[in-house]
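Per Swiss-Prot, the features are as follows:
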- H30: site 'Important for tRNA non-discrimination' (SITE)
- G82: site 'Important for tRNA non-discrimination' (SITE)
- E173, R219, H447, R484: L-aspartate binding site (BINDING)
- 197-200: region 'Aspartate' (REGION)
- R219, D220, E221, Q228, E477, G529, L530, D531, R532: ATP binding site (BINDING)
Amino acid sequence: MRSHYNTDLGISHVGQSVKLCGWVNSYRDHGGVIFIDLRDRSGIIQLVCDPNDSKEAHEIASNARNEFVLITEGTIRPRGEGLVNPKLKTGEIEVVVSKLTIENESAVPPFAIADESVNEELRLKYRFLDLRNPKLYENFALRSKACIAARNSLANMGFLEVETPILTKATPEGARDYLVPSRVHQGEFYALPQSPQLFKQLLMCSGFDRYFQIAKCFRDEDLRADRQPEFTQIDVEMSFCEQKDVIKVAETFLKDIFKACGKEIQTPFRQMQYKDAMENYGSDKPDLRFDLKFIDVIDIFTKSNNEIFANIAKDTKKNRIKAIRVPKGDTIFSKRQMQRFEEFVRKFGAQGLAFIQVKKDGLKGPLCKFFSEEDLNELSKRCELEVGDVVFFGAGAKKTVLDYMGRFRIFLANELKLIDPNALEFLWVVDFPMFEQNDDGSYSAMHHPFTMPKNIDETDLEEISSIAYDVVLNGVELGGGSIRIHKNDIQQKVFKLLNIDEEQQKEKFGFLLDALSFGAPPHGGIAIGLDRLIMLVTGANSIREVIAFPKTQRAQCLMTDAPSPASNEAMRELGIKLRENIK
């Protein structure tokens with residue numbers, strides 16, 4: 001029906017006859033000559049409907065309105081002098097229309113396509129209109145290229161694409177499951193998979209050796225800008241491997257994905273232990289596009305005359321005192337900014353934000369009076385302070401200090417405009433703890449309970465580490481993986497440490513324990529969040545910009561009005577009756 005997409009055309013096509021299809025983006029009547037901006041998925045081109053060229057086409061054009069569907073034929077000509085539009089890919093040319101057809105009319109649209117001021121909820125309600133925006137289309141074109149590149153890259157490395165079940169058994173993986181009632185087995189439920197984790201391990205037990213899948217996953221959790229109830233991941237598993245083998249495979253297909261998206265990245269990525277990431281950056285996914293690394297000064301504060309700081313410094317296992325040096329910060333930050341910094345960290349549990357300024361005549365600030373001159377010199381040397389600098393201090397319980405100082409580090413970087421938006425800083429964070437303590441004192445697996453521990457016989461659960469690894473890009477966790485437990489006795493021991501008794505093990509994981517009893521090979525893998533990856537590549541503000549039909553932050557689809565009530569008949573067939581107070 002068409003000869004070209006709009007942006008396929010340029011100055012080299014002048015004089016050529018074309019046939020184009022698309023929507024009216026806008027129209028203007030200039031003294032009898034009608035100009036129409038025709039939009040297709042690639043972008044916009046200008047149509048010129050002049051009665052001197054075609055009276056019939058001009059008459060039809062006079063009836064066109066925004067979002068009408070047009071089919072047009074005409075000839076490419078260069079725009080007149082001074083009329084070139086550098087904002088358009090086709091800004092040097094226009095189409096002189098000889099034939100025009102209104103293929104379909106449109107109701108008055110609730111907003112102009114590509115109007116960035118439109119409320120997001122309105123855009124999501126009319127998502128089919130929102131997706132007509134060529135900028136959004138470019139996101140999905142890039143997503144398609146990324147998926148094709150991932151498939152080709154993994155296939156070239158000997159991986160087999162295998163689909164795993166969507167209707168499966170509920171297993172504890174950290175978030176709530178979406179449950180699906182069974183009509184045939186009333187009172188029983190399937191769960192939608194939070195990941196293909198157990199099935200891909202079973203495929204390794206089956207001898208498939210190398211598996212991948214671009215998998216849809218489901219988690220019923222609180223939503224944020226980078227979370228959705230259903231999301232997609234590039235899921236990979238391989239047998240007879242070590243951590244370094246999985247990392248090499250992941251770097252290979254990530255490099256191929258970025259190349260397909262027009263970006264070159266360097267491999268291998270740098271690596272950092274989890275402990276170092278937390279102690280130096282206050283995050284297990286540090287953004288390395290800028291410095292502002294923590295400086296450990298707790299030993300110096302043991303000599304302080306300030307009772308609060310001195311008491312904190314006595315317990316180096318439970319407490320931390322960290323410093324962040326900002327070069328020339330004393331010459332940059334106003335008194336009001338310093339107040340804002342303290343207000344910011346207080347939101348995350350800080351009792352305050354101490355600081356020292358470096359003046360020409362020495363160190364200044366309320367803290368200075370609590371140190372001897374020798375200790376101040378040691379502090380200055382440790383922090384490599386220079387005239388004009390300011391150094392901030394966070395002190396208190398380890399978890400709280402690392403958290404708010406990590407957040408403050410990012411806040412400072414944004415204030416100082418230190419972040420290069422075009423930089424791509426990849427990082428592997430390795431050697432994660434096997435377990436983490438919950439607020440109630442119990443322990444849970446930091447990644448998942450199928451991760452291979454390094455020192456399972458250690459009596460202190462917090463000292464057990466795991467063969468787990470996360471890949472981070474610009475401070476965002478792209479994905480994570482681990483070497484898995486492939487021996488039945490070790491898996492049962494991990495379950496026991498998590499207070500999962502033998503009866504629960506058999507009920508929830510009996511099939512996995514059976515598989516591990518029949519000669520399971522060493523295996524490991526990784527999963528990369530496709531939505532987050534494309535969000536970072538495109539520079540989108542939210543993964544909702546790279547998912548065709550996303551949910552809101554309340555897990556609703558405003559376009560289809562899902563979720564919605566089921567009919568009484570459907571509920572009867574499923575054997576389900578709602579409580580009376582459920583609306």
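Glycine is no exception: its Cβ is also placed from the backbone N, Cα and C atoms.
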Per DSSP, three-state class assigned to R532 (ATP binding site): helix
Densest Cβ neighbourhood among H30, H447, R484, R532 (recorded positions), 10 Å radius: R484
Residues in the region 'Aspartate' (197-200) grouped by DSSP into helix, strand and remaining coil: 4 helix, 0 strand, 0 coil
From recorded positions G82, R219, R484, the one whose Cα lies nearest L530 (ATP binding site): R219
Taking residues R219, D220, E221, Q228, E477, G529, L530, D531, R532, which bind ATP in the record, the widest Cα spacing (Å, whole number): 19
Secondary-structure category, per DSSP, in which R219 (L-aspartate binding site) falls: coil
Between E477 (ATP binding site) and H447 (L-aspartate binding site), the C-alpha gap once rounded to whole angstrom: 13
Sparsest-packed among the binding-site residues, when each Cβ's other Cβ atoms within 10 Å are tallied, from R219, E477, L530: E477
Residue among binding-site residues R219, E221, H447, R532 with Cα closest to the Cα of H30 (site 'Important for tRNA non-discrimination'): R532
Pairwise Cα distance for G82 (site 'Important for tRNA non-discrimination')/R532 (ATP binding site) [Å, integer]: 42
Which same-chain residues, if any, lie at least 6 apart from E221 (ATP binding site) yet have Cβ under 8 Å of it: A175, R176, R227, P229
Integer Cα-Cα distance in angstrom, R219 (L-aspartate binding site) to R532 (ATP binding site): 15
Overall pLDDT for the region 'Aspartate' (197-200), taken as the rounded mean: 97
Between H447 (L-aspartate binding site) and R532 (ATP binding site), the C-alpha gap once rounded to whole angstrom: 19
